[in-house]
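Asks: Encoded as structure tokens, here's the structure I'll be asking about.
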Amino acid sequence: MSIETLLCPADEAGVARAAALLRQGEIIALPTETVYGIAADARNGSAVKKIFAAKGRPQDNPLIVHIDDINMLPGLVSEFPERAQLLAAAFWPGPLTIIMPRGPEVADECCAGLDTVGIRMPSHPVVRQVIEASGCAFAAPSANLSGKPSPTTAQDVWTDMQGRLPLILDGGPCAVGVESTVVSVVGEKPVLFRPGYITLEDLERALGEEVELSPAILEKLAEGEVARSPGMKYKHYAPKADITILDGTFEQFKAYVEAHAGQDPACLCFTGEGAKLAPFPCVEYGREGDGADQSKHIFRSLRALDEQGDRVVYARCPRKDGVSMAVYNRLIRAAAFRVVAL
Ligand code: TXA
Ligand code: MG
């Protein structure tokens, strides 16, 4: 079934239209500071189901619930643990999702059978206006078709979601560009489930204790190992091209690509390197060593490779620490974990 999709500016009228649709149990797409999301009233199970249908998302992958005020927490969580309070004070509103004990009002469909729920208070003015106007805490995954790179522009949402939902609000490109940092405070120790703009070091500083790194973040889960954050187990962020990450210097990278010229490869490289890699087609994804800049462009760059029709792609390797950890985490998934040490 195809429905008519309206793409409209995220102005006052757009926000009012989005809020009305959410209250009616519909789903809509909207910008956040991280990536674009598809929102549904988190207390309305049949509305939340529409998100899974529109994205083609597996039912066992839980959704994040978005709020615009701490006062919205009662009913959504059964407890607001002390560690969560510290993190909220340090990073909310902002790109941090905190996994907490689930409250009774969250629709089962959000939680995929878990007794926890991820809560985030975004900072983007449009999301905040829509939450305020609708009065809904809303579940919102990234607004891509399941398995595709997350969208960071309204146009990319349109490409994936046109005909699948009634409204896309256009608020321009996203400032952060990768999805929120996800941290769990339900176990004995705090655990980082997904790296983002807020880094491991940021979390440890705010909590005053060590934060465990979930093993799925920097490498492929071993066969039979259980992902503690279900989203980490899926093939993800993947363009159509076969990407291989080459871990080494620029000179080593260039030599490797030249040695494989017969494959007709393209390059996913750092800003300013494209001209030096001629005649190979290149997409530049941010300044070398600058995780925040790379985060902002990585998903658009992965989509650009597809738009160019590239089949074999060699990618420069980001650092694995700080904000770059988020980029490395997304890129190894896009590359199906193919990393060659040069
Ligand atoms: O920045 C973001 O977080 C964006 C924007 C739209 O807010 N949303 C987003 O949602 O990235 P999504 O559904 O694409 O990613 C949610 C991630 C998944 O990896 C999921 O497995 C994990 O968070 N997650 C959600 N609830 C969880 C829970 N209760 N326990 C463990 N992991 C959870
Ligand atoms: Mg996603």
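Every residue gets a Cβ built from N, Cα and C, even glycine.
Heads up, TrEMBL stuff is auto-annotated, nobody curated it.
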Asks: Among Thr5, Thr34, Thr199, Thr244, which residue does TrEMBL annotate as binding L-threonine together with His66, Arg120, Ala140, Ser142, Ser180?
Replies: Thr34
Asks: ATP site residues Arg57, Asn61, Thr116, Ser150, Arg194, Tyr237: biggest Cα-Cα distance, Å?
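Replies: Maximum Cα-Cα distance: 25 Å.
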Asks: Return only the integer: C-alpha distance in Å from Arg120 (L-threonine binding site) to Asn61 (ATP binding site).
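Replies: Approximately 17 Å lies between the Cα of Arg120 (L-threonine binding site) and that of Asn61 (ATP binding site).
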Asks: Show which residues of the chain containing Arg57 (ATP binding site), separated from it by at least 6 in sequence, have their CB under 8 Å from its CB.
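Replies: In sequence order, Ile51, Pro141, Ser146 meet the Cβ cut-off.
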Asks: Give the three-state DSSP assignment (helix, strand or coil) for Arg194 (ATP binding site).
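Replies: Note: Arg194 (ATP binding site) is in a strand by DSSP.
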